[in-house]
Amino acid sequence: MPSAIEAIYIILIAGELTIGIWGNGFIVLVNCXDWLKRRDISLIDIILISLAISRICLLCVISLDGFFMLLFPGTYGNSVLVSIVNVVWTFANNSSLWFTSCLSIFYLLKIANISHPFFFWLKLKINKVMLAILLGSFLISLIISVXKNDDMWYHLFKVSXEENITWEFKVSKIPGTFKQLTLNLGGRVPFILCLISFFLLLFSLVRHTKQIQLHATGFRDPSTEAHMRAIKAVIIFLLLLIVYYPVFLVMTSSALIPQGKLVLMIGDIVTVIFPSSHSFILIMGNSKLREAFLKMLRFVKGFLRRRKPFVP
């Protein structure tokens, strides 16, 4: 029977999983329905659908891993299951980060005005460039996750069953270091790309603001508003990633830390917040998704009001 801490963990993870899958599933459903309706799909919709699907996979594998850890700890002795979880987790995590960086790059190319020939060429070829980046992100995530599947890494973390199931960590320095580098590679580059996008957007905004001040209009134009929305979106992602990434590093190093099981439980709860909460930020930042979300809320509110029993 789960302890009090384990019961709290299960409740929190189940709640976060429900919210996260609902939010990301809503993004996929609305964009796919619009795609079928118009028989056409925009570049931003492709990015959002790819990101939402990767987030759903990430949420599922984190939650399943946590439930297996608590309810069926003996399954960690199954190398096949461990291999599948490791590969899917690595792929979903890396693809989620890379697709988010694609979103930041899209904001940069779509909104920023930078007087450089290469940047101007990227803006002209934005559809081809972004599709190439999306495909490259998928392939990079796939290569990293497949390369991670090696029997030598099973020595990093192993659960052995004696009279009672106990946690036993057997660390091999060389394989562990290599695994750590592989796991973390997928997070550093997207983070750097988002930072670059943020600073270039900020530079473009400052430059645009100076031009507005020269004309002394005194009002914000649509370009300024677009800059501000894009910068806010990138800042929110960076803040969430700053919380998510260190926790992810700790989780991948939990074999080196006493009470590794408790560390993994806390890490699961924190890491699930990132893909769950960011989906609603994306919904409210996109006019089509926001309109569909508010329409759904009005429908639910009206439905609950009609079902409310009459009290004389």
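Even glycines carry a Cβ here, placed using N, Cα and C.
Per Swiss-Prot, the topological domain holding Ile5 carries a different name from the one holding Phe303, which places them across the membrane from each other. Residue-level annotations in Swiss-Prot identify, among Asn113, Asn164, Asn164 as N-linked glycosylation site. For the topological domain 'Cytoplasmic' (110-128), the mean pLDDT of the prediction comes to 84.
Residues 43, 46-47, 50, 87-88, 90-91, 94-95, 98-99, 101-102, 105-106, 109, 122, 182, 185-186 of the same chain lie 6 or more positions beyond the ends of the transmembrane segment (129-146) yet place their CB under 8 Å from a CB of it. Distant neighbours of the topological domain 'Cytoplasmic' (33-52): 24-25, 27, 95-96, 99-100, 102-103, 106, 126-127, 130-131, 134, 138, 279, 282, 286, 288-289; these residues of the same chain sit at least 6 beyond its ends, with a Cβ under 8 Å from one of its Cβ atoms.
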